[in-house]
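Peer 1: Grabbed the feature section from Swiss-Prot, which reads as follows:
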BINDING   Val11, Asp57, Arg119, Tyr151, Lys155, Gly183, Asn187  NADP(+) binding site
ACT_SITE  Ser137  active site, proton donor
ACT_SITE  Tyr151  active site, proton acceptor
ACT_SITE  Lys155  active site, lowers pKa of active site Tyr
Amino acid sequence: MGLLQDYVIIVTGSASGIGYATSSTALREGAHVFGVDVSPLPADLCDHPNFQSFQGDLTEDSTAQAVVTACTQAFGNRIDGLLNVAGVLDNFASVDAVTDQIWNKCLAVNLTAPVKLMRAVIPIMRTQKRGSIVNVSSKAGISGGAAGVAYTASKHGLIGVTKNVAWRFKEENIRCNAVCPGGVLTNIGSDIDRESFDMEAFETMKPVQLAHMPDQSKGPRITPEEVAQVMIFLVSGLSSKVNGAVIPVDDAWSTI
């Protein structure tokens, strides 16, 4: 029997990267997974009998509630876990260079969308008197020197929300935790406008980046699967008293 046997969980960003790895791992652990992404979902997930999908833009006003409604229609009026994985990166712009477009997009995807999904699932979790929420923050959520101001603000904000939700609903057996991955090979940066990349700001952060990945030719140190394993632990009963935690998954990068 798997760690998540018969759990019903929602995973955002399921089409690739950490979201895909988390969805795949959860299915292997026996969960019913409702995957959400703005992009088409992979066939290997969609072909699994315990997987249902929703393709939509989480920044649109009605999408969060539509996701929760569709999940309950697919798997019944029960949601054991919400894993907010979907995110976007900025262009490393500092506060004197960030555009409204970059700022608004980072806040909408990385902070507002997870809040709306939490708002939509909490009533169900309160009724069933249990639930686990896991939010994907970042090294940039606990540091000022790992990304641009928009991404940094959005991920710091998500940690604040995580702690608030954990404290507010702890007496109702609803937990909320965050993970802070280090450098992971995903497509999160694929839509960055390279022409607006703030190289001057990035140069000031290079020592921080090199401390984590001294040999850039070897690529990121952390795999999506390694982050997924921590998220599965946090949504499972093994972590029943872990609540309001912010857990780095970065091979000690967070220590500096």
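Even glycines carry a Cβ here, placed using N, Cα and C.
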Peer 1: Should Tyr151 (NADP(+) binding site) be counted as helix, strand, or coil on the basis of DSSP?
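Peer 2: The residue in question, Tyr151 (NADP(+) binding site), is helix (DSSP, three-state).
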Peer 1: Out of these binding-site residues, Arg119, Lys155, which one has the fewest other C-beta atoms within 10 Å of its own C-beta?
Peer 2: Arg119
Peer 1: Quick check for you: of the binding-site residues Val11, Asp57, Arg119, Lys155, Gly183, which have their Cα within 10 Å of the Cα of Ser137 (active site, proton donor)?
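Peer 2: Correct set: Lys155.
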Peer 1: So of Val11, Asp57, Ser137, Tyr151, which of the recorded positions has the fewest other Cβ atoms within 10 Å around its own Cβ?
Peer 2: Asp57
Peer 1: Tally every other Cβ atom lying within 10 Å of the Cβ atom of Gly183 (NADP(+) binding site).
Peer 2: 18
Peer 1: Under a three-state reading of DSSP, tell me whether Arg119 (NADP(+) binding site) is helix, strand or coil.
Peer 2: helix
